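Okay, structure first, notes after.
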Amino acid sequence: MERHIRYSHQDNALILLDQRYLPAREDDFPCRTTQDIIYALQTMVVRGAPAIGVTAAYGCALAAREVAAEADWKTALSHRLESIAEARPTAVNLRWGVERMKKLWAANSTADRQTLAELWLQEATRIHKEDIAINTRMGAHGAAVIDDDDTVMTHCNAGALATAGYGTALGVIRGAIDAGKKNISVIANETRPFLQGARLTAYELKEDGIPVTVACDNACGLLMRRGMVQKVVVGADRIAANGDAVNKIGTYSVALLAREHGVPFYVAAPLSTIDRNTPTGDHTPIEDRTPREVTHVGDTQITPDGVPVFNFAFDATPAALIAGIITEVGILRPPYAESIARAFNDAGLE
Ligand code: MRU
């Protein structure tokens, strides 16, 4: 599935499939301005670490168009770029997308605004295509950890919808099936409160004809105890230099249960999700979202008036609970500080 992020040259707009309403409605959400992009990121019209990185990159190109009337367009543009990078705090790919644009600007510092907008649009398109290719390579590597007849549990949505296409964790499932593994099925944890598992993972796997069963988040222990889960594969929003993986709230609990029941727990993420400037998972800013996502289901309030709620959107899974980090350059194994440093070095990255 790749129709969920597309650039319309005719409308000069980034067209997003509005993930807030899936699977009930398949509405498009056109972004024409920086404000549209920030709104789409913050309200989760588009979500998932790689997908928001791609969106941020297109957002920079839209911002460059928007500052045409500003006397000091460079300062105005820098402010807009920073607002895009700050739209959500946890997934490092968002800032990564903006930083890549800033590097291109630095390398073309004499370019006029119009030329810069064109360069950025081309670069955003490149990032978009690269992400699909990276996920496909990740899936091919990850296929090695999936066996015939495995039921794979995943948490949140780390699929095509969370990326430019193919997916990270779900890319591993797709990669295993493409590699000829037989009888693979998925348990999608529903992932309260935004229900990325129930709504989005189930939606895209059903669309691809991959068997999927939705389970309540709190069924995880029972399912593992009954031997109904052979592997866990999740995505990540940021992986620290020591291998701790920050992902959707609840992932840490799934990893602890997996350890208790001897189920291998894998994280699938591109190198752009690894932030070597973040020493451990505990150094990652955790997004604290609106209480309304917890207090309401649709328009119905489910908690008493005035009772406070927690709505932390992510948690950190310690590296010690992770059997392998599946990337586009291969599967990294513990100790992660070393295998991450080696992978960056081999890939020629800083
Ligand atoms: O709040 P979200 O939906 O943006 O959170 C997404 C996740 O936690 C995903 O698991 C993660 O970004 C990996 S996506 C390939």
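All residue numbers here begin at 1 and follow the chain in the order shown.
Positions of Cβ are set from backbone N, Cα and C atoms, glycine also.
Record note: TrEMBL gives ARG47, GLY48, ALA49, ARG88, ASN247, LYS248 as substrate-binding, and the candidate from GLN196, GLN301 in that site is GLN196. Comparing Cα positions, ASP237 (active site, proton donor) lies closest to ASN247 out of the recorded positions CYS156, GLN196, ASN247. The substrate-binding residues named in the record, ARG47, GLY48, ALA49, ARG88, GLN196, ASN247, LYS248, extend over a maximum Cα to Cα distance of 17 Å. Ranking the binding-site residues ARG47, ARG88, LYS248 by how many other Cβ atoms lie within 10 angstroms of each Cβ puts ARG88 at the bottom.
Straight-line distance linking the Cα atoms of ARG88 (substrate binding site) and CYS156 (site 'Transition state stabilizer'), rounded to a whole number, equals 17 Å.
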